[in-house]
Amino acid sequence: MYSKNKTRLLMLCLSLLAMPGMTFAHDGLHSGSGWLAGLIHPFTGADHWLAMLAVGYWSVQQTHLRPYAVSLQFTLAMCLGASLGAAFGVMHLTEYLIAASVLCGGLVMAMAVRVPVMAGVLAISVFGAAHGYAHGAELAPGMSLLAYAAGFTLSSCLLQALGAALFLLRKRVSGAGKLRFAGWGVVAYAVYLLGMGS
């Protein structure tokens, strides 16, 4: 009974994560402080927070890798991408890469895929940079990039930690089937994004 309650609580938390994306418009964020805008930004689109959850989940699932190294690599690539996005502006290719990151994350959850080290390093770097580029491209004129980056870095790390907790919970309770089913839902959402041209 206790395990079922923990699973339900976790699913409720994941549902609540989707709410900011419906509540905040990206343009509305630009009127706030750089730190607050950055903090909220990863929650404003399911493509962002689903990918962050998947990175955290994958980092713990891949037992041949150190979880903190995966998270650090993704975060550093994201910060580099943000600086490029702030400098060069919107680039449509990043939306396809973000959708691809959601697709890969969903497959990892659904199929428990064990990724070769070099392929994982490349994927994490590219996807992290793509998410960061999208964050940086939406930096409002006059807003501090440093404060903005600090905000979205904190949110991203929290989401990755939650993704890691998902995997650990999966091992402790009889919720593996539900999480795999959720993984296929993430895959379906990614296919929708790719089909709609992101």
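Backbone N, Cα and C atoms are what each Cβ position is placed from, and that goes for glycine too.
Automated prediction, rather than curation, is the source of TrEMBL annotations.
For 1-25, the entry in TrEMBL reads signal peptide. For 35-58, 70-90, 96-112, 117-134, 146-169, 181-197, the entry in TrEMBL reads transmembrane segment.
Comparison of 35-58, 70-90, 96-112, 117-134, 181-197 by number of C-beta pairs under 8 angstroms to the transmembrane segment (146-169) places 35-58 first. It is 96-112 that, among the stretches 35-58, 70-90, 96-112, 117-134, forms the most Cβ pairs under 8 Å with the transmembrane segment (181-197).
Residues 47-48, 50-51, 53-55, 57-58, 61, 123, 126-127, 130-131, 134, 179-191, 193-194, 198 of the same chain lie 6+ residues outside the transmembrane segment (96-112) yet bring a C-beta within less than 8 angstroms of a C-beta in it.
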